[in-house]
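Structure first, commentary second.
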């Protein structure tokens, strides 16, 4: 019996895969996400610092002012601790932690291509910068400055500021995106898994179609 020979089938090269190459659209999406992140962070930071300046200028420390009756009050305090007055005796530790987290956010930001993740990191960055500015430049000294807190809800014992609110919202958004399986590129992880599994049968089919070599 004659031997049937077929040309060897070449495996697809990973280098030529368009999914692995940086396309202009992905680059544009990355730049757009960074712009959103920067705008959100700047807005949070400015709102936080402006409201703190207004409180310091118009209220005395410890003063309380009703804004929405018993629902929301202004209560000016100087907080040497973390968010919601946690750890008031370790201001310098929170300053170092804030610098470290801030550096991580800036280092990780270029990987973001999702609008939702950009908003998340913008809220986190703006909030961190707001409170870190207080710790670095307010009294009693550099790195141990007291954070200006002024918002109080009777249902909560803590007094906080807009930077704290932004950080809490970023954590809530993080939980939501994580539970939904949305990655930094905006894609769901299960959708990516489905794409990989749908590509596998094609490779198996090509292997099955390859004729066997028979010898006499």
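The count begins at 1 with the first shown residue.
For all residues, glycine too, the Cβ spot is worked out from N, Cα and C.
Database features (Swiss-Prot):
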| type | residues | note |
| --- | --- | --- |
| ACT_SITE | 149 | active site |
| ACT_SITE | 164 | active site |
| COMPBIAS | 207-216 | compositional bias 'Basic and acidic residues' |
| REGION | 1-21 | region 'Disordered' |
| REGION | 189-216 | region 'Disordered' |
| TRANSMEM | 31-51 | transmembrane segment |
| TRANSMEM | 89-109 | transmembrane segment |
| TRANSMEM | 114-134 | transmembrane segment |
| TRANSMEM | 159-179 | transmembrane segment |
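Residue 164 (active site) sits 9 Å from residue 149 (active site), taking the C-alpha atoms as the reference points. Residue 164 (active site) is surrounded by 23 other CB atoms, counting those within 10 A of its CB over all protein chains shown. Residue 149 (active site) carries a strand DSSP state (E or B). Within 10 Å of the C-beta atom of residue 149 (active site) sit 25 other C-beta atoms, taking all shown protein chains into account.
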